[in-house]
Each structure stands twice: as structure tokens, then as C-alpha cells.
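K.L.:
Straight out of TrEMBL:
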- 1-11: compositional bias 'Acidic residues' (COMPBIAS)
- 23-50: compositional bias 'Polar residues' (COMPBIAS)
- 54-65: compositional bias 'Low complexity' (COMPBIAS)
- 1-68: region 'Disordered' (REGION)
- 85-120: region 'Disordered' (REGION)
- 133-158: transmembrane segment (TRANSMEM)
- 164-184: transmembrane segment (TRANSMEM)
- 196-220: transmembrane segment (TRANSMEM)
- 226-244: transmembrane segment (TRANSMEM)
- 256-281: transmembrane segment (TRANSMEM)
- 287-307: transmembrane segment (TRANSMEM)
- 345-364: transmembrane segment (TRANSMEM)
- 376-397: transmembrane segment (TRANSMEM)
- 409-429: transmembrane segment (TRANSMEM)
- 435-455: transmembrane segment (TRANSMEM)
- 475-497: transmembrane segment (TRANSMEM)
- 503-525: transmembrane segment (TRANSMEM)
Amino acid sequence: MADDTNGDDSWDFLTPRKAKSPSPDSAATEVQASDAPSTEPVSRDATTPADTLPASAAPKPATPSVEPDAWDFLATRKAKVAAGETEPVSARAAVADSPGEGLGGSSAHKRARGELRADMGGPSLRRRAVPMAIALAAVAFAGFLTEIVASSQLIAIAGPQSLIVVYPLGGLGLLAAAFLQFRFIDQTARLPLLRIVTFGYAAVFAVALACIAGSIVPIAATALCLILGDQLNFLLPLLLWSLVGDEFNVAEGRKIFGWIVSMTYIGQVAGLGASAIAPALFTTLHLPLPLLLAANPIVCVVVGLVLPRVLRGTAAATGLVRSENLKESFAGAIEFINGVRVWRALLACSVLTFAAGMTAYISYVGGLGRIMDQDAAGLQTLLGSVAVVTFLICWAVQAFVAERLQDRIGIPGVLLLLPIFAVAAGILLMLGTAWGSVALLVAGVSFWNIPRWSIDQNARRAALALVPDERRARVSFIVDLGPNALGLILSGFFALLGLWFGWYALIPALAVLMAAVAIPFGIAVRRGWEQSLLNWRLRRRKQNRTLDFGD
């Protein structure tokens, strides 16, 4: 047994190796124990092994060796983040403002392994949304300015009945443009597509303006400008909102979508305000009112040049899914709508509601044109002034009411409000048309425009944010753009019926009927909304928006 006493223990490999990888608690206990004075007598002779002595008498190593924890990558936050030892906000902002950082480059503050995005340094939600919000505001400025100026000019030179032809053509134009983009909107990179679309609009606008300036088919050229205005008001914003959906997930969207919508009001109010004050100013300067339409190609070129450069390097700069032909693209969107039952009800409700709203609006514009005897300057001033007040109210509703209302009654509850307001709008417009009252016409169109451009728009963006990235733009084309286009087409047909029977009040009466039929579909959406959220087709595929276990 002498070998067992004086030699190395052959079973030593079974003993715990505490010195090499101590836990924090055990290490602290050992340190306290080693620092405390020993009360036991220590007797040591020459034959006593060193490892049998108590801790107080054993020789201490000069530098303790502690290896890093091999399971550190499972920690939810890095030590510096947990201790608050991160850079101040001003320092992060300075780095984000440097060239190559932020939206357009690689961020210097990447998430740590397991760190949530809410704990991550870098640009805030609003800071990330600023480029897209400015682009939406600029497009809204050009689109609403065109809507007022072109419609006033068209009524002045061709009469209110010209809207019966132009509105359906505008709806067909929306469907045609959407059809051309439908295949590529979710497969190819959105930014190059945005540049192609904006440059194309700018070129067509330039041709129309040249025809107006040269008095070459002025009615057709003005009608073309009005149709292109519909493209800027309905189609181009959908493409921009698709970029917003690529950048923000559902949780972020609840916080930022309302703010982006509020920012678009700046462009809308600016465009409407310019259309309201331009007649007096341009008359003094002896300038033609159609000159205002030159803002459209300028805005299109600026957005097409600047926004892709600012968003370079983001999710919007690359394609999302495999290439598909037109049939497969359309089938994928239809399969989603048929697979999620409430979206079928939402589509039916949207078609009927927007058909009622567009019919009500054509009744409003046509009624004012008849009352004001086709005075282009006076009609443009009145339309612009009413719209400015309307969108200032929309901004107040968006800022103080929309988010609270959506939190209280939910997205489907907010979507149900628009057809109800459309019924009230149609009744007021029917009375205003029958009695020739400008006040009732203005009140009626306000009952449609205020909820349409405030609470309903915010709720629709939030609903579309639930759709996966690879289908969102195509589904929005069907659920959002499709009802607007069909509404324009049907409004012309219903206005033609009123003109045919010689009873203009029939036009808003038909709007009341369609809005009333839409209400049961809205109720169905509200009842089935929560259950639909469990549908696998609404599953998100944004790994970079949740947890990131890479550097």
C-alpha cells in the first residue's frame, strides 16, 4: 500500500475539478473560506502531502485561472447590456449618422446573441421610417394636387358628365397597372421596380403636360392627368407601403404605422392647400392653373432617384421569393384569400364600401360643378379648401383617436366603421343633391373622407401587415387596390343611371344601398377575426425581426 500513500492516485481523474471552472457561487464561497482565519491547529511534517492540508494552510496560486463559460451564448443579453454599460444615445446617433450606417449601410450596433431588437442600440422606429414617410408625403402632395386641379379643369371644359367617363377609365387604368406589376411586385427587388414605375409616370405626365400646353386634345390630356392622379393616390402608395411592411414587423407596425399615416397628411394638406390658394395667386401672376400639374413629374423623379439610394442594403433591396409566372402569382394571392375566410368577407366588404364611397364622391363633385356653373377657379378653390379642412381633422383624429380606438375595438371593429359612415354620407349627399345645398354636400363627403383617410387607412395597413412578406403586395393589390378600382368603375355606371333618369339624387341613393349591404360582411369579419389569426397562412417569415443568434 506504500504506492497508494506516497505515489499519485490512479483514480484522481474521478475527483471534481473545481479549480478550473468554478461556478460564481462556489467561487465566492471558496474565496470567503480562504480569507477567513482558521481555528484548527495545523500540524505538518515532512511526510504530509500538500493536498491533504486545509485550505488556509495550502499554498495559494499566484493568479487564478478561470475559463470562459462555454454556455454563455444562451444568455438573453450580453453582460454590458444587462449592466447598462452601453454607449449613450448621442454616441449611437453620431455613429448612425456617419456615412454607410443606418438604413443604407451596415449598422455599427449589431444585436448580440440572443438580444432582442427592443434592447438593441441604433436608430429608432421613427428614424427608420423617415425616408418612406417623406416619400409617401411627397406622393400624396402630387396626387391630391392633381386630383383637385385636373378634375376642376375637366369639369370646366367638358362638364360634370365627363366624370362618368373618366372615373371608370381611371379604375381600368389602376387594374391595368396593377396587372403589369402583379407578377414582379413580390419576387423582384422592390426598389428597382419603384424606380421603373416612378420614371414611367413622370414620362407620361410630361407628355400630357406638353399636350395641354400646346392645346393638343386638351380634354383627353386633362383626363389623362386625372387618371394618373388616381395612380399616385392608390397604386404608388401601395408599393411604398410594401417597403414599409418589409422594414417593420407587426409589433413595430402598431407603433409606427399611425405616425407614418400622420406624416402623409402633411403632403396631402400641402397639395390641397396649394390647389386652394393657387387660383388667386396665379390669376395675379397671369399663369395658367394647369401649370400646377408640373409638380407630378418632378415628385416622381425625385422619389425614384432618392428613395432607392437611401434604402440601399435593406430588405427592400432584394427579392423575397422564387420567380413565378403571372398565373402562379395570381393563384398564390387568391389561395391566401380563399384560405383565410375572413379575408374573403373583407374583400366583399371593401368592394361594396369603396364602390359606395366613390359613387358618393362623384355625386359630390358633380353636384358642386352644377351649383357653381362649371367655374374652374371657384370650383378648385372650394374643393381644395374643403379638403384641407377635412384632412386637418383627419390628422387630429389620427393623432388623438385612431390608436386608442383601435386598441379598444380592434382592427376588425375599426374596419366596420367605414361602411356605416358611408351610409350616413350617402344620405346627406342625397339630401344635398335634391335641395342644391353646398353645406349638405360638404357634410356628406366629410362623413366619407374623414374616416376613410384616418382610422380606416391605419387599420387596413395593420391588417395587411399580418400577411407574409412574399404575398403582402399581391394581396394588397386585390384587397386594397382592387376595391378602389372597382369603385371607380361602378361609380361611373351608377352616375350614368342618375343621368339617364334625370334624377341626380339617385346616385348617392345607390351609394347608400351598397354601403348598407357591406355592413353584414364587416360584421362577419369582426366575428371571425380572432380565429383567423391562428391560420398557418398568416405565419410570419422574418427571422431578422425576432431573435438573432448571429453577430
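Each Cβ is built from the backbone N, Cα and C atoms, and glycine gets one as well.
Keep in mind that TrEMBL annotations are predicted by a computer and have not been checked by a curator.
Keep in mind that this is a model prediction, so the values were computed, not measured.
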K.L.:
With a cut-off of 8 Å between Cβ atoms, can you find at least three pairs linking the transmembrane segment (503-525) to the transmembrane segment (345-364)? Only pairs 6 or more residues apart in sequence count.
P.N.:
yes
K.L.:
Are there three or more C-beta pairs under 8 angstroms joining the transmembrane segment (376-397) and the transmembrane segment (435-455), sequence spacing 6 or more?
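P.N.:
Yes, since the transmembrane segment (435-455) and the transmembrane segment (376-397) share at least 3 Cβ pairs closer than 8 Å, they count as touching.
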K.L.:
Using a Cβ cut-off of under 8 Å, list the residues of the same chain at least 6 residues beyond the transmembrane segment (133-158) that approach it.
P.N.:
166, 218-219, 222-223, 225-226, 228-230, 232-233, 236-237, 240-241, 259-260, 263-268, 270-272, 274-276, 278, 289-290, 292-293, 295-296, 299-300, 302-303, 306-307, 365-366, 369, 374-377, 379-380, 383-384, 387
K.L.:
Between the stretches 287-307, 409-429, 475-497, which one has more Cβ pairs under 8 Å with the transmembrane segment (164-184) than any other?
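P.N.:
That would be 475-497.
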K.L.:
Count the CB pairs under 8 A between the transmembrane segment (345-364) and each of 256-281, 287-307, 409-429, 475-497, then give me the winner.
P.N.:
475-497
K.L.:
Short question: which residues 6 or more past the ends of the transmembrane segment (256-281) have a Cβ under 8 Å from it?
P.N.:
125-126, 129, 132-134, 136-145, 148-149, 237, 244, 248, 289, 292, 377-378, 380-381, 383-385, 387-388, 391-392, 394-395, 398-399, 402-403, 453-454, 457-458, 461-462, 465
